[in-house]
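Taken verbatim from TrEMBL:
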type	residues	note
DOMAIN	1-142	domain 'Lactate/malate dehydrogenase N-terminal'
BINDING	GLY7, ALA8, GLY9, ALA10, VAL11, GLY12, ASP32, ASN95, VAL118, SER119, ASN120	NAD(+) binding site
BINDING	ARG82, ARG88, ASN120, ARG151	substrate binding site
DOMAIN	147-298	domain 'Lactate/malate dehydrogenase C-terminal'
ACT_SITE	HIS175	active site, proton acceptor
Amino acid sequence: MKVTVVGAGAVGASCAEYIAMKDFCSEVVLVDIKEGFAEGKAMDLMQTASLNGFDTKITGTTGDYSKTAGSHVAVITSGIPRKPGMTREELIGINVGIVKDVTANLVKHSPEVIIIVVSNPMDTMAYLVHKTSGLPKHKIIGMGGALDSARFQYRLAEALEAPISDVNGMVIAAHSDTGMLPLLSKATRNGVPVTEFLDEEQQKYVIEETKVGGATLTKLLGTSAWYAPGAAVSVMVQAIACDQKKMIPCSLMLEGEYGQNDICLGVPAIIGKNGVEKIVNITLTADEQLKFAEAANAVREVNGDLKF
Ligand SMILES: NC(=O)C1=CN([C@@H]2O[C@H](COP(=O)(O)OP(=O)(O)OC[C@H]3O[C@@H](n4cnc5c(N)ncnc54)[C@H](O)[C@@H]3O)[C@@H](O)[C@H]2O)C=CC1
Ligand SMILES: O=C([O-])CC(=O)C(=O)O
(Lines of atoms letter the chains of each structure in order from A and count residues from 1; the text may use other names and numbers.)
(Lines give C-alpha, C1' and ligand atoms only; values in the text may rest on other atoms or scores of the structure.)
(Ligands and ions follow the chains in the order given, each with its own letter.)
Protein backbone atom coordinates (compact mmCIF):
# COMPACT_ATOMS: atom_id res chain seq x y z
CA MET A 1 0.00 0.00 0.00
CA LYS A 2 1.40 3.36 -1.09
CA VAL A 3 0.50 6.54 0.75
CA THR A 4 1.33 10.08 -0.33
CA VAL A 5 1.51 12.90 2.19
CA VAL A 6 1.53 16.36 0.64
CA GLY A 7 3.12 18.97 2.89
CA ALA A 8 6.21 17.77 4.74
CA GLY A 9 5.76 20.37 7.48
CA ALA A 10 4.77 19.77 11.07
CA VAL A 11 1.59 17.74 10.49
CA GLY A 12 2.74 15.98 7.30
CA ALA A 13 6.00 14.76 8.82
CA SER A 14 4.31 13.72 12.06
CA CYS A 15 1.70 11.77 10.15
CA ALA A 16 4.36 10.07 7.99
CA GLU A 17 6.26 9.16 11.16
CA TYR A 18 3.22 7.60 12.87
CA ILE A 19 2.27 5.69 9.72
CA ALA A 20 5.81 4.33 9.43
CA MET A 21 6.04 3.46 13.12
CA LYS A 22 2.86 1.37 12.86
CA ASP A 23 4.44 -0.43 9.88
CA PHE A 24 1.28 -1.23 7.90
CA CYS A 25 2.27 0.49 4.61
CA SER A 26 4.97 -0.46 2.14
CA GLU A 27 5.69 3.13 1.05
CA VAL A 28 5.09 6.72 2.11
CA VAL A 29 5.93 9.52 -0.33
CA LEU A 30 6.33 13.00 1.13
CA VAL A 31 5.78 15.95 -1.23
CA ASP A 32 6.57 19.59 -0.51
CA ILE A 33 7.05 22.74 -2.53
CA LYS A 34 10.09 23.88 -0.52
CA GLU A 35 13.22 22.72 -2.35
CA GLY A 36 14.77 19.64 -0.71
CA PHE A 37 12.49 19.81 2.34
CA ALA A 38 10.48 16.63 1.74
CA GLU A 39 13.65 14.76 0.70
CA GLY A 40 15.33 15.88 3.94
CA LYS A 41 12.38 14.91 6.14
CA ALA A 42 12.15 11.53 4.39
CA MET A 43 15.85 10.84 4.88
CA ASP A 44 15.73 11.85 8.54
CA LEU A 45 12.69 9.61 9.11
CA MET A 46 14.32 6.70 7.25
CA GLN A 47 17.29 6.99 9.59
CA THR A 48 14.89 6.20 12.46
CA ALA A 49 13.81 2.94 10.78
CA SER A 50 16.46 0.68 12.32
CA LEU A 51 16.03 2.44 15.68
CA ASN A 52 12.25 2.23 15.71
CA GLY A 53 11.99 -1.10 13.90
CA PHE A 54 9.89 -0.38 10.82
CA ASP A 55 10.24 -1.41 7.18
CA THR A 56 8.04 1.25 5.56
CA LYS A 57 10.01 3.01 2.84
CA ILE A 58 9.75 6.81 3.07
CA THR A 59 10.83 8.97 0.14
CA GLY A 60 10.55 12.68 -0.53
CA THR A 61 10.11 14.87 -3.59
CA THR A 62 10.00 18.57 -4.35
CA GLY A 63 6.81 18.74 -6.37
CA ASP A 64 7.42 15.76 -8.68
CA TYR A 65 4.00 14.11 -8.60
CA SER A 66 5.07 11.31 -10.93
CA LYS A 67 6.68 9.85 -7.78
CA THR A 68 3.22 9.67 -6.19
CA ALA A 69 1.71 7.62 -9.03
CA GLY A 70 -0.44 4.70 -7.94
CA SER A 71 -1.06 5.99 -4.42
CA HIS A 72 -3.95 4.27 -2.67
CA VAL A 73 -4.33 7.09 -0.13
CA ALA A 74 -3.14 10.71 -0.23
CA VAL A 75 -3.16 13.10 2.71
CA ILE A 76 -3.27 16.85 2.01
CA THR A 77 -1.54 18.83 4.76
CA SER A 78 -0.06 21.51 2.49
CA GLY A 79 -0.92 25.08 3.37
CA ILE A 80 -0.36 27.62 6.09
CA PRO A 81 -1.20 26.99 9.74
CA ARG A 82 -2.76 29.65 11.96
CA LYS A 83 -0.92 31.88 14.41
CA PRO A 84 -2.16 32.75 17.91
CA GLY A 85 -5.33 34.86 17.79
CA MET A 86 -6.36 33.68 14.33
CA THR A 87 -9.30 31.44 13.41
CA ARG A 88 -8.92 28.52 11.02
CA GLU A 89 -11.31 30.27 8.64
CA GLU A 90 -8.80 33.10 8.14
CA LEU A 91 -6.50 30.65 6.32
CA ILE A 92 -8.88 30.20 3.41
CA GLY A 93 -7.37 32.92 1.19
CA ILE A 94 -4.00 31.17 0.81
CA ASN A 95 -4.97 27.53 1.37
CA VAL A 96 -7.73 27.31 -1.24
CA GLY A 97 -5.28 27.76 -4.14
CA ILE A 98 -2.80 25.31 -2.64
CA VAL A 99 -5.38 22.59 -1.98
CA LYS A 100 -6.95 22.96 -5.42
CA ASP A 101 -3.60 22.69 -7.18
CA VAL A 102 -2.41 19.76 -5.06
CA THR A 103 -5.69 17.87 -5.59
CA ALA A 104 -5.40 18.18 -9.37
CA ASN A 105 -1.83 16.85 -9.29
CA LEU A 106 -2.72 13.94 -7.02
CA VAL A 107 -5.69 12.81 -9.10
CA LYS A 108 -3.74 13.14 -12.35
CA HIS A 109 -1.18 10.61 -11.15
CA SER A 110 -3.43 8.44 -8.96
CA PRO A 111 -6.95 8.47 -10.43
CA GLU A 112 -8.13 5.82 -7.94
CA VAL A 113 -6.81 7.64 -4.88
CA ILE A 114 -8.65 8.18 -1.57
CA ILE A 115 -7.93 11.69 -0.30
CA ILE A 116 -7.77 12.69 3.35
CA VAL A 117 -8.02 16.47 3.70
CA VAL A 118 -6.27 18.10 6.65
CA SER A 119 -5.49 21.68 5.53
CA ASN A 120 -7.68 24.33 7.16
CA PRO A 121 -10.37 25.50 7.17
CA MET A 122 -10.79 21.74 6.80
CA ASP A 123 -14.57 21.37 6.26
CA THR A 124 -14.39 23.94 3.46
CA MET A 125 -11.23 22.42 1.99
CA ALA A 126 -12.90 18.99 1.93
CA TYR A 127 -15.87 20.59 0.14
CA LEU A 128 -13.45 22.17 -2.34
CA VAL A 129 -11.89 18.75 -3.06
CA HIS A 130 -15.37 17.33 -3.70
CA LYS A 131 -16.13 20.12 -6.14
CA THR A 132 -12.84 20.02 -8.05
CA SER A 133 -11.37 16.50 -7.96
CA GLY A 134 -13.98 14.47 -9.85
CA LEU A 135 -13.55 11.69 -7.29
CA PRO A 136 -16.58 9.82 -5.96
CA LYS A 137 -17.73 11.07 -2.59
CA HIS A 138 -16.70 7.99 -0.63
CA LYS A 139 -13.08 8.77 -1.56
CA ILE A 140 -12.87 12.21 0.05
CA ILE A 141 -12.56 12.34 3.82
CA GLY A 142 -11.89 15.41 5.96
CA MET A 143 -9.86 14.84 9.13
CA GLY A 144 -11.14 16.76 12.13
CA GLY A 145 -13.43 14.57 14.21
CA ALA A 146 -10.76 11.95 14.97
CA LEU A 147 -8.52 14.66 16.44
CA ASP A 148 -11.30 16.56 18.21
CA SER A 149 -12.58 13.32 19.74
CA ALA A 150 -9.10 12.52 21.05
CA ARG A 151 -8.99 15.97 22.63
CA PHE A 152 -12.48 15.42 24.07
CA GLN A 153 -11.31 12.15 25.62
CA TYR A 154 -8.24 13.90 27.04
CA ARG A 155 -10.43 16.53 28.73
CA LEU A 156 -12.95 13.92 29.93
CA ALA A 157 -10.18 11.84 31.50
CA GLU A 158 -8.82 14.97 33.17
CA ALA A 159 -12.22 15.92 34.63
CA LEU A 160 -13.01 12.33 35.66
CA GLU A 161 -9.51 11.80 37.05
CA ALA A 162 -9.60 8.58 35.02
CA PRO A 163 -7.13 6.88 32.69
CA ILE A 164 -7.86 7.79 29.07
CA SER A 165 -8.39 4.11 28.25
CA ASP A 166 -11.49 4.18 30.49
CA VAL A 167 -13.05 6.98 28.44
CA ASN A 168 -14.96 7.05 25.17
CA GLY A 169 -16.51 10.01 23.37
CA MET A 170 -17.00 11.56 19.99
CA VAL A 171 -17.02 15.07 18.47
CA ILE A 172 -19.06 15.82 15.35
CA ALA A 173 -20.14 18.87 13.29
CA ALA A 174 -17.57 21.50 12.26
CA HIS A 175 -13.81 21.53 12.85
CA SER A 176 -13.90 25.10 14.13
CA ASP A 177 -13.62 26.89 17.48
CA THR A 178 -17.37 27.48 17.65
CA GLY A 179 -18.85 24.71 15.49
CA MET A 180 -17.51 21.59 17.22
CA LEU A 181 -20.12 19.44 18.89
CA PRO A 182 -18.69 17.18 21.62
CA LEU A 183 -21.40 14.59 22.26
CA LEU A 184 -21.41 14.61 26.03
CA SER A 185 -24.73 12.79 26.10
CA LYS A 186 -23.06 9.75 24.54
CA ALA A 187 -19.66 9.88 26.28
CA THR A 188 -18.96 7.08 28.71
CA ARG A 189 -16.52 5.80 31.31
CA ASN A 190 -16.47 2.03 30.77
CA GLY A 191 -20.03 2.12 29.45
CA VAL A 192 -21.40 4.40 32.18
CA PRO A 193 -22.54 7.85 30.95
CA VAL A 194 -20.02 10.49 32.08
CA THR A 195 -22.96 12.69 33.06
CA GLU A 196 -23.33 10.41 36.10
CA PHE A 197 -19.90 11.49 37.34
CA LEU A 198 -19.49 15.12 36.21
CA ASP A 199 -21.49 18.07 37.55
CA GLU A 200 -22.73 20.82 35.24
CA GLU A 201 -19.70 23.02 35.73
CA GLN A 202 -17.33 20.14 34.92
CA GLN A 203 -19.39 19.23 31.84
CA LYS A 204 -19.24 22.82 30.60
CA TYR A 205 -15.48 22.92 31.19
CA VAL A 206 -14.91 19.73 29.18
CA ILE A 207 -17.04 20.98 26.28
CA GLU A 208 -15.50 24.43 26.11
CA GLU A 209 -11.90 23.21 26.44
CA THR A 210 -12.50 20.61 23.73
CA LYS A 211 -13.87 23.18 21.31
CA VAL A 212 -10.91 25.52 21.69
CA GLY A 213 -8.39 22.65 21.84
CA GLY A 214 -6.61 23.76 18.66
CA ALA A 215 -6.59 27.43 19.66
CA THR A 216 -5.18 26.62 23.12
CA LEU A 217 -2.27 24.75 21.56
CA THR A 218 -1.72 27.44 18.93
CA LYS A 219 -1.36 30.00 21.73
CA LEU A 220 1.13 27.81 23.59
CA LEU A 221 3.16 26.75 20.55
CA GLY A 222 3.02 29.91 18.37
CA THR A 223 1.71 27.72 15.52
CA SER A 224 -0.88 24.95 15.47
CA ALA A 225 -0.43 21.43 16.82
CA TRP A 226 1.04 18.44 14.96
CA TYR A 227 1.46 15.34 17.14
CA ALA A 228 -2.23 14.61 17.75
CA PRO A 229 -3.20 15.71 14.21
CA GLY A 230 -0.53 13.39 12.76
CA ALA A 231 -1.67 10.51 14.97
CA ALA A 232 -5.32 11.11 14.03
CA VAL A 233 -4.47 10.94 10.32
CA SER A 234 -2.45 7.75 10.84
CA VAL A 235 -5.47 6.10 12.50
CA MET A 236 -7.61 6.97 9.47
CA VAL A 237 -5.00 5.76 6.97
CA GLN A 238 -4.65 2.51 8.91
CA ALA A 239 -8.44 2.02 8.96
CA ILE A 240 -8.35 2.19 5.14
CA ALA A 241 -5.14 0.21 4.63
CA CYS A 242 -6.19 -2.60 6.95
CA ASP A 243 -9.91 -2.43 6.05
CA GLN A 244 -10.68 -2.06 9.73
CA LYS A 245 -14.21 -0.68 9.30
CA LYS A 246 -13.67 1.54 12.32
CA MET A 247 -16.30 4.14 13.22
CA ILE A 248 -14.55 7.50 13.06
CA PRO A 249 -16.15 10.96 12.89
CA CYS A 250 -15.00 12.53 9.61
CA SER A 251 -15.98 15.53 7.51
CA LEU A 252 -18.04 14.04 4.69
CA MET A 253 -20.28 15.29 1.90
CA LEU A 254 -23.82 15.10 3.21
CA GLU A 255 -26.77 14.40 0.97
CA GLY A 256 -29.69 14.51 3.36
CA GLU A 257 -27.93 12.90 6.33
CA TYR A 258 -28.41 14.88 9.54
CA GLY A 259 -30.78 17.17 7.64
CA GLN A 260 -27.98 18.69 5.52
CA ASN A 261 -27.19 18.82 1.83
CA ASP A 262 -24.21 19.91 -0.26
CA ILE A 263 -21.87 20.49 2.67
CA CYS A 264 -18.97 18.67 4.32
CA LEU A 265 -19.40 18.29 8.06
CA GLY A 266 -18.20 15.91 10.72
CA VAL A 267 -20.37 12.82 11.16
CA PRO A 268 -19.62 9.29 12.33
CA ALA A 269 -18.67 6.97 9.49
CA ILE A 270 -17.36 3.47 8.92
CA ILE A 271 -13.91 3.73 7.39
CA GLY A 272 -12.49 0.78 5.47
CA LYS A 273 -10.73 -0.18 2.26
CA ASN A 274 -13.09 1.85 0.05
CA GLY A 275 -12.72 4.98 2.16
CA VAL A 276 -16.16 5.83 3.52
CA GLU A 277 -18.02 2.54 3.72
CA LYS A 278 -21.09 4.10 5.32
CA ILE A 279 -22.27 7.24 7.11
CA VAL A 280 -23.71 6.28 10.49
CA ASN A 281 -26.93 7.96 11.55
CA ILE A 282 -27.12 8.43 15.31
CA THR A 283 -29.91 10.03 17.32
CA LEU A 284 -29.06 13.52 18.52
CA THR A 285 -30.85 15.38 21.31
CA ALA A 286 -32.89 18.45 20.30
CA ASP A 287 -30.10 20.72 21.56
CA GLU A 288 -27.46 18.75 19.61
CA GLN A 289 -29.58 18.94 16.45
CA LEU A 290 -29.80 22.71 16.84
CA LYS A 291 -26.05 23.05 17.37
CA PHE A 292 -25.35 20.81 14.36
CA ALA A 293 -27.57 23.02 12.18
CA GLU A 294 -25.86 26.18 13.49
CA ALA A 295 -22.44 24.71 12.69
CA ALA A 296 -23.67 23.86 9.19
CA ASN A 297 -24.84 27.44 8.64
CA ALA A 298 -21.44 28.80 9.66
CA VAL A 299 -19.53 26.38 7.38
CA ARG A 300 -21.90 27.16 4.51
CA GLU A 301 -21.07 30.83 4.88
CA VAL A 302 -17.33 30.09 4.63
CA ASN A 303 -17.95 27.81 1.63
CA GLY A 304 -19.63 30.80 0.00
CA ASP A 305 -16.18 32.41 -0.34
CA LEU A 306 -15.03 29.60 -2.66
CA LYS A 307 -14.81 30.18 -6.38
CA PHE A 308 -14.45 27.13 -8.59
N1 LIG B 1 -7.69 19.26 10.12
C2 LIG B 1 -6.98 19.30 11.24
O3 LIG B 1 -7.37 18.72 12.26
C4 LIG B 1 -5.69 20.03 11.29
C5 LIG B 1 -5.33 20.85 10.26
N6 LIG B 1 -4.13 21.51 10.29
C7 LIG B 1 -3.81 22.31 9.12
O8 LIG B 1 -2.82 21.61 8.36
C9 LIG B 1 -2.06 22.53 7.59
C10 LIG B 1 -0.58 22.28 7.77
O11 LIG B 1 -0.18 22.59 9.08
P12 LIG B 1 1.36 22.45 9.50
O13 LIG B 1 1.90 21.16 9.04
O14 LIG B 1 1.45 22.79 10.93
O15 LIG B 1 2.02 23.61 8.63
P16 LIG B 1 3.56 23.71 8.15
O17 LIG B 1 3.78 25.11 7.73
O18 LIG B 1 4.45 23.13 9.18
O19 LIG B 1 3.59 22.76 6.88
C20 LIG B 1 2.91 23.02 5.71
C21 LIG B 1 3.78 22.59 4.55
O22 LIG B 1 3.06 22.72 3.33
C23 LIG B 1 4.00 23.05 2.33
N24 LIG B 1 3.34 23.57 1.14
C25 LIG B 1 2.80 24.79 0.94
N26 LIG B 1 2.30 24.87 -0.30
C27 LIG B 1 2.51 23.68 -0.90
C28 LIG B 1 2.19 23.14 -2.18
N29 LIG B 1 1.56 23.85 -3.10
N30 LIG B 1 2.57 21.88 -2.43
C31 LIG B 1 3.22 21.13 -1.51
N32 LIG B 1 3.54 21.59 -0.29
C33 LIG B 1 3.18 22.84 0.01
C34 LIG B 1 4.91 24.05 3.03
O35 LIG B 1 6.14 24.23 2.34
C36 LIG B 1 5.06 23.43 4.40
O37 LIG B 1 6.20 22.61 4.49
C38 LIG B 1 -2.54 23.92 8.05
O39 LIG B 1 -3.48 24.45 7.15
C40 LIG B 1 -3.18 23.65 9.39
O41 LIG B 1 -4.14 24.62 9.74
C42 LIG B 1 -3.26 21.36 11.30
C43 LIG B 1 -3.57 20.56 12.37
C44 LIG B 1 -4.82 19.84 12.45
O1 LIG C 1 -5.91 24.66 15.48
C2 LIG C 1 -5.51 24.67 14.30
O3 LIG C 1 -5.48 25.69 13.58
C4 LIG C 1 -5.05 23.39 13.70
C5 LIG C 1 -6.11 22.41 13.87
O6 LIG C 1 -7.04 22.34 13.11
C7 LIG C 1 -6.14 21.70 15.14
O8 LIG C 1 -5.09 21.49 15.79
O9 LIG C 1 -7.24 21.31 15.54
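Heads up, the Cβ atoms here are built off N, Cα and C, so glycines get one too.
Structure coloured by features recorded in TrEMBL.
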residue: GLY7; record: NAD(+) binding site; DSSP (3 states): coil
residue: ASP32; record: NAD(+) binding site; DSSP (3 states): strand
residue: ARG82; record: substrate binding site; DSSP (3 states): coil
residue: ARG88; record: substrate binding site; DSSP (3 states): helix
residue: VAL118; record: NAD(+) binding site; DSSP (3 states): coil
residue: ARG151; record: substrate binding site; DSSP (3 states): helix
residue: HIS175; record: active site, proton acceptor; DSSP (3 states): coil
Considering only the binding-site residues GLY7, ASP32, ARG151, which possess a Cβ situated under 6 angstroms from at least one atom of ligand 2?
none
Restricting to the domain 'Lactate/malate dehydrogenase N-terminal' (1-142), what is the model's mean pLDDT?
98
Inter-residue C-alpha distance, ARG151 (substrate binding site) and GLY7 (NAD(+) binding site) (nearest angstrom):
23
If one measures from the C-alpha of GLY9 (NAD(+) binding site) to the C-alpha of ARG88 (substrate binding site), what distance in angstrom results, rounded to a whole number?
17
What subset of the binding-site residues ASP32, VAL118, ASN120 lies within 10 angstroms of ARG82 (substrate binding site), using C-alpha positions?
ASN120
Going through the binding-site residues VAL11, ASP32, ARG151 in sequence order, which have a CB under 6 Å from an atom of ligand 1?
VAL11, ASP32
If you measure every Cα to Cα pair among GLY7, ALA8, GLY9, ALA10, VAL11, GLY12, ASP32, ASN95, VAL118, SER119, ASN120, the residues listed for NAD(+), what is the largest value in Å?
17
